[in-house]
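Chemist: What TrEMBL lists as S-adenosyl-L-methionine binding site is T136, G157, D180, N232.
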Amino acid sequence: MTTWKLTFACKRAEADIFTGDVPELADFDPPPVVMTSEPDESKPDDWQLDVYTEEHPPQALIEAVSALLPSAKGAHTLVELADEDWVTLSQAGLDPVEAGRFFVHTAADAELLPPGRIGLQIEAGLAFGTGQHATTTGCLLTLDALDFVPENVLDLGTGTAILALAAAKTWPGAKGTASDIDPVAIKVSRENVEINGVKIGEAAGEIALYVADGLEEAALAARGPFDLVVANILAGPLIEMAPSIAAALAPGGTLVLAGLLAGQAEAVEAAYRNCGVAPVSRTVIGEWPTLRLLKA
């Protein structure tokens, strides 16, 4: 099958628009597939947007995407990927990631799992979180360093469910919950949970999946209080949701936050300190800190 790929250089804030539903693209048939990436982690504000279509992209689609990316000023490249599976192509060059005891890999590298490591098979796709980004690696390293056994874990803004899976495989007796505002992310998460041999469900040792905007969904909130919450999203939402996340955290519970830049760490920590959740440590990879906090 012939696939076409449109590529735009953009800013991180612009790329974030495409992590959820994009009404401006809803009327195109067949619908385009959009992937965002950070080509150079030393330039955290410079991102790339790839738009994949089954047919030559109409000018209306190019204009619709361009309108959402003002920094690109309409500049783009268009490449025909003859007889290529775009998912397979997108996975090319995704080397396994080692973070503490965790070994993140695609199906193609499953046989490379070292003895004694916890394997996490995550395929590149439509949701954020393949283990390649420093924020995901930072969360995995922080989880690896935890010195207690949680009983009730929430992965808020789960993306691919990689962090929920890391928790489930590290503490198989824990009750797991993974939520995301994006239905596509939950679909991807469901596939990844099944691929990794973890049961989907409400009981201990299983992961429950929810499409939810923050903690507003009653069924999600009812799963709490949580003694471990992981949220790898953005600084703005982390600050905005500080009261609700703190309320969902059990006394003595641990909170792991990522998705923020180094210059945003103090503001995020202050928001949670005001809610009774105190900073404990930071794991910093490049410009990306992962925060560990503890509720009194």
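Yeah, the Cβs are placed from backbone N, Cα and C, and that goes for glycine too.
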Chemist: Please give me the CB contact count at 10 A for G157 (S-adenosyl-L-methionine binding site), counting all chains in the structure.
Modeler: 26
Chemist: These are the binding-site residues: T136, N232. Which one scores highest on other Cβ atoms within 10 Å?
Modeler: T136
Chemist: With every protein chain in view, what's the tally of Cβ atoms within 10 Å of the Cβ of D180 (S-adenosyl-L-methionine binding site), excluding that atom itself?
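Modeler: Its Cβ shell of radius 10 Å holds 29 other Cβ atoms.
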Chemist: Provide the three-state secondary structure of G157 (S-adenosyl-L-methionine binding site) computed with DSSP.
Modeler: coil
Chemist: Pairwise over T136, G157, D180, N232, annotated as binding S-adenosyl-L-methionine, what's the top Cα to Cα distance to the nearest Å?
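Modeler: Among the residues the record ties to S-adenosyl-L-methionine, max Cα distance equals 16 Å.
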